[in-house]
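Asker: Can you read through this structure? Questions will come right after.
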Amino acid sequence: MPQFQRTLVTTALPYANGPVHLGHLAGVYLPADLFVRYKRLQGEDVIHIGGSDEHGVPITITAEKEGITPRDVVDRYHSMNLEAFKRCGISFDYYGRTSSELHHKTAQEFFLEIEGKGIFERKTEKLFYDASACRFLSDRYVTGTCPICGNTEANGDQCEQCGTHLSPLELINPKSKLSDATPELRETLHWYFPLGRFQKQLEAFVGSHDDDWRANVLNYTRTWLNQGLNDRAITRDLSWGIKVPLQDPEAEGKVLYVWFDAVLGYVSFAREWAVLQGSPDRWKEYWQNPDSRVVNFIGKDNVVFHTLMLPAILMAWNEGRSDSIYNLADNVPASEFMNFEGRKFSKSRNYAVYLGEFLDKFPAETLRYSIAMNYPENKDSDFSWTDFQNRTNGELADTLGNFIKRSVDFTNSRFEGIVPHACSRQEWDSLGINWADTIHQLDEAFEGFHFREAVSAAMDIARAANRFLTGAEPWKAIKEDRDGAARTMALSLNLCHALSIALYPVLPETANRIHSMLGFQGTIESLFKRGVPLYKSLTEPALPMGHSLSGESEILFAKIDDAMIEPELRNIERLLAEAQAREAGATAEKMEFKPLIEFDDFQKVDLRAASVISAEKVKKASKLLKLQLQVGSTTRQVLAGVAEHYSPEEMVGKNVLLVANLAPRTIRGEVSEGMLLAVEGDAGKLYMVEPQGEKINGSSVQ
């Protein structure tokens with residue numbers, strides 16, 4: 001791996017339309033903080049940049065629902081999330097906002113640079129327009145019936161019921177969310193970024209990281225590359241956002257699409273950080289100096305925005321330039337998802353534990369440790385209240401906290417709070433800890449983004465320390481061998497110091513409390529020195545004979561009893577009941593049915609038995625299968641949103657029920673001539689309705 005002089009760490013920008021939950025913390029913000037704190041501990045030059053994504057349609061929809069302005073919405077959630085991050089010890093060097101003046105300026109500079117090179121393409125397209133509201137409708141402002149599953153409340157970008165990604169034009173009976181009127185199609189012009197123009201450059205860029213990027217990142221990215229990259233709109237008809245910076249009548253009423261604007265926050269926020277340092281150009285050292293490294297921490301749902309789209313934007317900027325050339329990301333350590341009690345976190349379904357609410361009840365350090373030990377590196381992991389309780393009580397309170405308190409208390413009471421003996425290197429190496437191997441393991445784990453391994457290796461020191469103190473029994477030995485007890489306590493206190501260093505990335509507050517109990521002035525952060533890695537100091541005992549402790553000790557971790565967890569477990573039962581009721585199409589109180597229809601209306605629906613003769617996946621649509629059906633003497637092509645529930649092989653040969661007289665629809669460039677019937681079961685699982693009987697193909701349902 002190349003040796004870099006400095007590192008810029010960025011974290012995906014949380015959307016300022018709601019509070020962050022534990023899934024966000026586990027996937028992005030805690031791993032980034034662990035990495036940054038490790039780098040600082042090692043004396044490296046690193047800055048940690050984050051901020052709020054404050055533009056986009058969901059924010060304007062929330063504002064309209066609440067009767068407030070979009071600025072009111074983003075102000076609320078920016079402050080809420082920043083405060084939650086601070087309470088959790090997430091150590092940003094700068095946390096910005098995409099609504100800031102400098103961010104607007106930065107995004108517009110990128111637009112003008114790329115526009116000036118003739119890279120963007122202008123395309124006229126037809127979009128829905130609400131005549132009564134006098135505005136074009138973005139996808140989230142259109143609702144209608146999903147052409148895949150029949151959900152009558154599908155959004156213009158995605159059906160929440162079956163998960164299919166849609167465009168507003170694919171909806172059946174579309175309605176405007178602004179007026180409930182049927183929108184009309186009108187022509188509008190938009191700017192497009194030609195991703196395909198950079199396909200070969202992006203393939204080379206991704207290929208250069210075959211050996212150091214995670215498999216999930218490479219797989220997600222190559223899926224897009226293998227399908228071929230298409231043009232992507234970078235402007236929208238919207239009032240809230242960054243104005244298209246052109247003196248052109250066709251640019252009136254248009255803003256930059258949030259996917260283009262948000263990722264440039266990493267640049268603008270670094271610029272804002274540099275201004276606060278009193279050196280406005282210092283940000284260039286991190287973004288444009290070839291000996292600097294950029295690391296983007298994200299969740300797996302954001303991969304292609306950071307491995308394809310942001311690099312393509314930077315490539316477009318760099319094209320033809322001899323100066324101010326941006327570095328592309330050196331690594332994009334995307335995590336998998338952390339689930340909550342076996343189910344995916346979902347803000348829209350209110351199935352989540354929000355960070356601020358959690359910290360109102362439990363200490364941040366216990367959460368940091370529990371999540372780090374369940375870090376979803378290569379596969380989805382799970383947060384459970386029982387696991388959180390067990391780790392807090394067993395590993396933090398009984399193992400780490402108990403060892404520290406016993407060591408400090410015994411020294412204070414029996415040796416006047418002074419390190420009572422010198423520790424030789426030989427004694428230090430005889431504790432059952434191979435310090436060189438431990439340091440190597442810590443370095444390798446942090447540098448490789450294996451945070452569960454890193455924290456576990458640090459906690460192994462606490463386990464070894466506890467075994468040493470328990471086995472030596474100085475409280476007994478002191479009666480006959482005071483010198484031996486003194487040697488034991490000197491080694492134990494030095495182990496306390498080693499733990500304050502080793503565990504600092506995951507437990508920074510606890511590490512500083514240990515540091516203080518050991519009699520040190522200042523904080524661990526005051527020890528940071530450029531080019532001096534503190535982990536290497538673990539190879540030798542640090543506390544000399546005669547060193548004075550503070551004379552005080554404290555319980556580092558209070559145990560969590562069942563009574564504290566019981567309300568959370570009851571709350572899970574309530575959330576699960578509500579989620580299961582929603583998934584079953586009912587409220588917690590009663591089953592709800594759609595409005596009554598006349599018998600003649602039902603008679604208009606032509607339901608036919610059909611059989612699947614072939615099936616294949618649809619490109620760029622992970623939830624769709626393209627099916628060829630035999631319906632009597634004819635064949636039909638139908639797109640069905642069942643790819644997450646049935647493989648193509650499982651569908652072939654099935655008898656199915658087809659809505660045979662549904663008007664054809666074009667979805668993802670493919671014509672769908674009907675709709676299949678399916679039933680949604682537990683956890684959103686779809687089950688095909690499969691008619692039974694002989695010679696029924698083509699027969700109508702009676």
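Note: Cβ is positioned from N, Cα and C throughout, glycine not excepted.
I grabbed these lines from Swiss-Prot:
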{"type": "MOTIF", "residues": "14-24", "note": "motif ''HIGH' region'"}
{"type": "BINDING", "residues": "Cys146, Cys149, Cys159, Cys162", "note": "Zn(2+) binding site"}
{"type": "MOTIF", "residues": "344-348", "note": "motif ''KMSKS' region'"}
{"type": "BINDING", "residues": "Lys347", "note": "ATP binding site"}
{"type": "DOMAIN", "residues": "601-702", "note": "domain 'tRNA-binding'"}
Asker: Within 10 Å of the Cβ of Cys149 (Zn(2+) binding site), how many other Cβ atoms can be counted across all chains shown?
Answerer: 22
Asker: Please list, for the domain 'tRNA-binding' (601-702), how many residues fall into helix, strand and coil according to DSSP.
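Answerer: Secondary-structure composition of the domain 'tRNA-binding' (601-702): 10 helix, 50 strand, 42 coil.
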Asker: Given the Zn(2+) site residues Cys146, Cys149, Cys159, Cys162, which other residues of that chain have a Cβ within 8 Å of the mean position of their Cβ atoms, reported in sequence order?
Answerer: Pro147, Ile148, Gly150, Asn151, Ala154, Glu160, Gln161, Gly163, Thr164, Gly641
Asker: Reported in the order helix, strand, coil, what are the DSSP residue counts of the motif ''HIGH' region' (14-24)?
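Answerer: Result for the motif ''HIGH' region' (14-24), in helix, strand, coil order: 3 helix, 2 strand, 6 coil.
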Asker: Kindly state the mean pLDDT of the domain 'tRNA-binding' (601-702) in the predicted structure.
Answerer: 88
Asker: How many other Cβ atoms are found within 10 Å of the Cβ atom of Cys159 (Zn(2+) binding site), counting all protein chains shown?
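Answerer: Its Cβ has 25 other Cβ atoms within 10 Å.
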Asker: Sequence gap of 6 or more, C-beta under 8 Å: which same-chain residues meet both conditions with respect to Cys162 (Zn(2+) binding site)?
Answerer: Cys146, Ile148, Cys149, Asn151, Lys623, Gly641, Leu686
